[in-house]
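Trainee: Got these off Swiss-Prot a minute ago, pasting:
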BINDING   Ser15, Gly16, Asn17, Ile18, Ser164, Ala165, Gly166, Pro167, Gly168, Thr169, Arg170, Ala171, Asn172, Asn297  NAD(+) binding site
ACT_SITE  Cys133  active site, acyl-thioester intermediate
Amino acid sequence: MSENTRKVTVAVIGSGNIGTDLMIKVIRHSDVLQMGAMVGIDPDSDGLARARRLGVPTTAVGVHGLLELPNFDEIDVVFDATSAKAHAANAALLEPLGKRLIDLTPAALGPFVVPAVNLDEHRHAANVNMVTCGGQATIPIVAAVSRVTPVAYAEIVASIASKSAGPGTRANIDEFTETTSHAIETVGGARRGKAIIVLNPADPPLIMRDTVLCLISARDPATHDAIRNSIQAMVEHVATYVPGYRLKQQVQITPVPDGQPVHTLLASGDTAAPTHQVSVFLEVEGAAHYLPAYAGNLDIMTSAAVRYAESVADTIAAPAATQGATR
């Protein structure tokens, strides 16, 4: 960001775990973004209390309160960390007013963005969707495999600490699986995708763990090596904005046993039987900016959202000198 470009002013709707972590990331770690408002519906929420202590304008009456804030016109980008249902209503109010929306719910009204895979494809979109925590963790791996060889079927299992799943996450379980499955195909490149989420009740809580299984038709050892290299490169890429993202163990590529009914998993019309399964085991440790380190599932969502917002800042923030000349 050049010295002549102003910072991008953002608002966060949702004063729960995700929204509060977003605010902390913007205030403490972004040279490009600045907080303009924190929006909630519970005046006693910790997120709103923290925002007030940090000098961030707040409202406890939802998006309508955001519209009434004196600095509303200065806000460029709105992060929505509410719920899929609430996002539809929020978007209907904010999009006509020219606000760029970054949706952290499974609503999926706009195109999917997974920064490690398609960061530059939707730079001017009015509303983008950050898929889900499981999608942000696993879709890069599916994409890494599909860049080397076609993926007939990809299945992901995201295991998150039950304590990290707030009411919004729990209310959106069905939307989580549907949205993630769709994004595995459209962003990850799999012919067919499936997503499963597990709320792990272990105490003390365990960090986020993800399993990615891809069915491929590739017998050549050189192709297998290329897949491993592609996955390793992708893990390193994601770790540039989510430092706690890592492989739990070595990538496994094993033959599909004879007689295994994998044809039941294939997309309609696909007849070629996959020859091998790629198995990838990941863990995501949170940065603990606001949330505990075990909440890597939430940290990867907020980190991805901030990464996207920073990457498109140049499409939003006009040079300060130009602004002054046009007033």
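One-based numbering along the chain as shown.
Placement of Cβ uses the backbone N, Cα and C atoms for every residue, glycine included.
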Trainee: How big is the gap, in Å, between the Cα of Ser15 (NAD(+) binding site) and that of the residue listed as 'active site, acyl-thioester intermediate', rounded to a whole number?
Mentor: 18
Trainee: According to DSSP, which of helix, strand or coil covers Ser15 (NAD(+) binding site)?
Mentor: coil
Trainee: I'm trying to understand the geometry here, so how far is the Cα atom of Asn17 (NAD(+) binding site) from the Cα atom of Cys133 (active site, acyl-thioester intermediate), in Å to the nearest whole number?
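Mentor: A Cα-Cα distance of 13 Å.
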Trainee: Out of Gly166, Gly168, which of the binding-site residues is least crowded by other Cβ atoms within 10 Å?
Mentor: Gly166
Trainee: Record lists Ser15, Gly16, Asn17, Ile18, Ser164, Ala165, Gly166, Pro167, Gly168, Thr169, Arg170, Ala171, Asn172, Asn297 as binding NAD(+); longest Cα-Cα distance in Å?
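Mentor: Output for NAD(+) binders Ser15, Gly16, Asn17, Ile18, Ser164, Ala165, Gly166, Pro167, Gly168, Thr169, Arg170, Ala171, Asn172, Asn297: max Cα distance 17 Å.
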Trainee: So which of the binding-site residues is most packed in, judged by how many other Cβ atoms lie within 10 Å of its Cβ, out of Ser15, Asn17, Ser164, Asn172?
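Mentor: Sorting the candidates by Cβ neighbours within 10 Å, the top entry is Ser15.
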Trainee: Measuring Cα to Cα, how far is the residue listed as 'active site, acyl-thioester intermediate' from Gly168 (NAD(+) binding site) in Å?
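Mentor: Checking the Cα atoms of the residue listed as 'active site, acyl-thioester intermediate' and Gly168 (NAD(+) binding site) gives a distance of 13 Å.
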Trainee: Look up Cys133 (active site, acyl-thioester intermediate) in the DSSP assignment and reduce it to helix, strand or coil.
Mentor: helix
